[in-house]
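Asks: Sending over a structure as structure tokens; questions will come in a sec.
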Amino acid sequence: MKATAGALLAVVAAVLLRGVAAAPRKPVDVPFDKNYVPTWAQDHIHYVNGGREVQLSLDKTTGTGFQTRGSYLFGHFSMHIKLVGGDSAGTVTAFYLSSQNSEHDEIDFEFLGNRTGQPYILQTNVFSGGKGDREQRIYLWFDPTKDYHSYSVLWNLYMIAFFVDDTPIRVFKNSKDLGVRYPFDQPMKLYSSLWNADDWATRGGREKTDWSKAPFVASYRGFHVDGCEASAEAKFCATQGARWWDQPEFQDLDAAQYRRLAWVRKEHTIYNYCTDHDRYAAMAPECKRDRDV
């Protein structure tokens, strides 16, 4: 009887382990200058609390931005952001990874400004080998201008997962077997910027930036970077397979995370390129891996 019970417990444990996934590790908050440097219009960057908080300012003359000191192949990257409040129509606050060549890879968070009282739109996109056009858009389920919220990317050989706080909002699976290029051999820097894009950002460019409301300010803190640092010319991570994000529990979402993703898709998604039959005659191959399409 004891042997039978022990065998049963072993089977149950094996089944549970096969289904285990995990949330990314808790980010470590650090000062801005540990990982980042300004890229342009440094006079429009304001440092608060010894550089643990940074405010980007946009006016009619210029926006501004910053980038990481290093480039990375895979990892976990997050930022706490408080978006531009009030009438932010025409503005874009961006947090993204990008390589530096013509056939570039890129992983985007873009926050599209709104008229006062209208919800913010978060647009995500993935470029691989210079090909993008993979936009998805959601309405955020909270006011992102009232407090800081975490926006993060988990990028490994198996998937690119986008998170808002602890909620997954998008998963882009490695579909190399379907003939789809996947970002895996181009180190990327992280960037963030605040800029004017009133030719397209709000209602397709119909809503213009009201410069009487300037300056527009977006605030940042956290500055978490946990990645495999590599030169821009590197094609692989020297510790590939040994990092925490390479382990089996981080190769897919778990059941609870997929339920949260399904909730985002059902309640908050307003555009998904995978279902845009007017724009695309045939569904992109990688969309076959999207559970909610």
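Quick reminder: no glycine exception, Cβ is built from N, Cα and C everywhere.
The signal peptide feature in Swiss-Prot is assigned to 1-22; the stated evidence is sequence analysis. The domain 'GH16' annotation in Swiss-Prot covers 23-220. Swiss-Prot lists GLU106 with the feature active site, nucleophile, giving sequence analysis as the kind of evidence. The annotation site 'Important for catalytic activity' is assigned in Swiss-Prot to ASP108. The xyloglucan binding site annotation in Swiss-Prot covers GLU110, GLN123, THR124, ASN125, ASP133, ARG134, GLU135, ASP199, TRP200, GLY204, ARG279, and the record cites similarity to another entry as its basis. The active site, proton donor annotation in Swiss-Prot covers GLU110. Annotation source Swiss-Prot lists N-linked glycosylation site at ASN114, citing sequence analysis. Residues or ranges marked as disulfide bond in Swiss-Prot: CYS228-CYS237, CYS274-CYS287.
Tell me about the setting of these features in this model.
Replies: In sequence order, TYR96, LEU97, SER98, SER99, ASN125, VAL126, PHE127, GLY132, PRO183, MET188 are the residues of the chain that are 6 or more apart from GLU106 (active site, nucleophile) and have a CB within less than 8 Å of its CB.
Using a 10 Å radius centred on the Cβ of ASP108 (site 'Important for catalytic activity') and all shown protein chains, the other Cβ atoms total 20.
DSSP assigns GLU110 (xyloglucan binding site) to a strand segment in the three-state reduction.
In sequence order, VAL92, THR93, ALA94, TYR96, LEU122, GLN123, THR124, ASN125 constitute the residues six or more apart from GLU110 (xyloglucan binding site) in its chain with CB-CB distances below 8 Å.
Its Cβ taken as reference, ASN114 (N-linked glycosylation site) is surrounded by 24 other Cβ atoms within 10 Å in the chains shown.
Neighbour count (other Cβ atoms within 10 Å of the Cβ, all protein chains): 22 for CYS228 (disulfide bond).
In three-state terms derived from DSSP, CYS287 (disulfide bond) belongs to a helical segment.
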Asks: Work out how many Å separate ASP108 (site 'Important for catalytic activity') and TRP200 (xyloglucan binding site) at their Cα atoms, rounded off.
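Replies: About 16 Å separate the Cα atoms of these two residues.
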Asks: If you average the pLDDT over the domain 'GH16' (23-220), what number do you get?
Replies: 96
Asks: Within a 10 Å radius of its Cβ, which of these binding-site residues (ASP133, GLU135) has the fewest neighbouring Cβ atoms?
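Replies: The binding-site residues ASP133, GLU135 were compared, and ASP133 has the fewest Cβ atoms within 10 Å.
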Asks: Nearest to ARG279 (xyloglucan binding site) by Cα distance: which of the recorded positions ASN114, CYS228, CYS287 is it?
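Replies: Closest by Cα distance to ARG279 (xyloglucan binding site) among the recorded positions ASN114, CYS228, CYS287: CYS287.
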Asks: List only the single closest residue to ASP133 (xyloglucan binding site), chosen from the recorded positions ASN114, CYS228, CYS237, CYS274, CYS287 by CA-CA distance.
Replies: CYS274
